[in-house]
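Undergrad: If you scroll down you'll find the structure; I have some questions about it.
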C-alpha cells in the first residue's frame with residue numbers, strides 16, 4: 001500500500017509539470033501510421049498507470065491484441081515495443097539506437113557522465129569481466145562464496161538450540177544466504193552486515209530510480225533512499241581496497257583510479273555501489289524463486305537432491321566444474337530464470353530512422369522515441385516453450401541443443417529466444433557468477449537444512465512495481481521454519 005500512495009503523490013506532483021510540456025508539444029506530436037498505438041490512453045499521463053501497476057500483464061495483453069509491434073505513451077514519451085525476437089538483431093544493428101547507460105548511471109547511482117562514452121576505458125573494463133567473471137577466472141570467486149556462505153550458516157546454526165526451529169520467510173532466508181557471502185567474496189573484509197540496512201532501504205525503492213523521474217521527485221519522495229545511497233557511497237569511498245578482495249574488484253578499482261580525468265572521488269564510491277547492488281539486486285529474488293519452485297516440486301526435489309549428493313562433496317569448496325555436473329539443478333535454474341526474469345531492454349532513437357521487420361513491414365521511429373525489447377514475452381510464448389506458465393525443472397536438460405533449436409513458425413531463431421540476462425551490450429557480465437550463487441544456495445539448503453512451509457496456499461506473485469527491473473521479488477514473503485542438519489565449515493586459511 002505504501003507504494004500505491006507514493007505513486008499517487010508522484011503522479012499528482014508530476015501532472016502539473018507534464019501538462020505544460022504536453023501543451024507546448026501538442027502541435028509537434030507525430031502520428032505514426034506504421035505502428036499500432038495502444039488505445040485507452042489518458043491525457044497527459046498516457047498509459048502510465050496500466051504500465052506501472054502490472055507491467056508484464058499489460059505488455060502481454062497488448063501483444064495479443066495489437067501483434068508483435070505496438071506503441072504506448074508514458075507521460076510525454078513514446079515507447080515502441082518490438083516483441084518478435086526475429087526483429088531484435090535489426091534493432092541492435094541500427095546505429096541510430098543507443099543505450100541510455102549514462103542516464104542510468106547518473107540517475108540510479110549518482111555517477112558523473114564523464115566516462116560513459118570513453119571507449120578505451122570500457123574496452124579494458126570488459127576485458128576484466130571476461131578474465132575474472134567467466135571460465136577459469138570464475139572458480140576463485142565461486143569457491144570464496146562457498147567458504148563465506150558456510151561460515152554464515154555456521155554462525156546462524158550456533159544461535160539454535162538442539163532441534164530448535166527458526167521462523168523466517170523464504171525471501172528473508174534467500175537474502176541471508178546471498179548477501180554477506182556474495183559481498184565478502186567480491187569486496188573482501190568490508191563488514192557488510194554493518195550496512196545491510198542501507199542496502200535494503202535503497203533496494204526497496206530502486207525501481208523508482210530506473211523510472212527516470214525528474215530529480216525533484218526523488219528529493220521530495222525518496223529522501224530516505226537517497227540518504228541510504230549516499231551512506232553506501234561513503235562506505236565504499238572509504239574502503240576502496242579491502243583485505244581479501246576479489247581479483248576482479250581489485251583490478252577494476254585500480255583501472256578506475258588510473259583515470260582521474262574520468263572519475264572523481266565521488267564516482268569511485270558510486271561505481272562500487274553500482275557493482276554492489278548489481279551483485280545482489282537480482283540474485284536474491286532469483287534465489288527465492290529457484291528455491292520456491294524446486295521445493296514445491298517433489299520430483300525436482302528428489303532428482304536434484306540425488307545429483308548434489310553425488311557431485312557436491314561435504315568437505316570441499318565447490319568449483320564451477322562440480323556445479324556444471326549438476327545438470328538437473330542447472331536446468332531448474334534456467335527454468336526459474338525463464339519464468340522470473342522480466343528485464344526490459346531499452347534503447348533511444350537519436351535520429352528519425354526506419355526498421356524493416358522480418359515480415360517486410362517497415363517501421364518509422366522518430367527522434368527521441370524509445371524502443372523496448374521485452375524478452376519475457378518470448379519466455380512465455382507457447383510456440384517456444386510448451387505450457388509456458390508451468391515450471392518444468394527438466395525443460396533445459398539438453399540446454400545448448402534445446403536453445404539452438406528454438407523455432408518460430410518453422411523459422412529457427414536459436415538462443416535469442418532465451419535472453420534473461422540481456423542482449424548484446426546489455427548482457428549482464430556477472431551472469432555466470434549469479435547462476436553459480438543460485439546453484440550453491442539451493443544445494444546448501446537441500447543438503448544441510450530441514451524446512452517446512454507455513455500456510456502455503458496460493459502461488460506468490462511478483463512485485464508489480466519491481467517487474468521490468470531484472471528479477472522481481474515476490475509481492476509478499478512466504479513464511480517458513482527451518483533448522484540445520486550437521487555440516488562442516490571450510491578451513492579459514494584456505
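Please read every residue number as a count from 1 along the shown chain.
Even glycines carry a Cβ here, placed using N, Cα and C.
Caution: TrEMBL annotation is automatic and unverified by curators.
Predicted, not measured: the structure shown is a model, and the values here were computed from it.
According to TrEMBL, the protein carries these features:
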TRANSMEM  6-23  transmembrane segment
BINDING   107, 282  substrate binding site
TRANSMEM  206-226  transmembrane segment
BINDING   428  heme binding site
Undergrad: Cα-Cα separation of residue 107 (substrate binding site) and residue 428 (heme binding site), in Å?
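TA: Rounded to the nearest whole number, the Cα-Cα distance is 19 Å.
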Undergrad: What same-chain residues, at least 6 away in sequence, bring their CB to under 8 Å of the CB of residue 428 (heme binding site)?
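TA: Result: 278, 421, 422, 434.
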Undergrad: Taking the Cβ of residue 282 (substrate binding site) as reference, which residues of that chain separated by at least 6 in sequence fall under 8 Å from it?
TA: 434, 470, 471
Undergrad: Taking 10 A as the limit, how many CB atoms besides its own sit near the CB of residue 107 (substrate binding site)?
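TA: I get 18 for this one.
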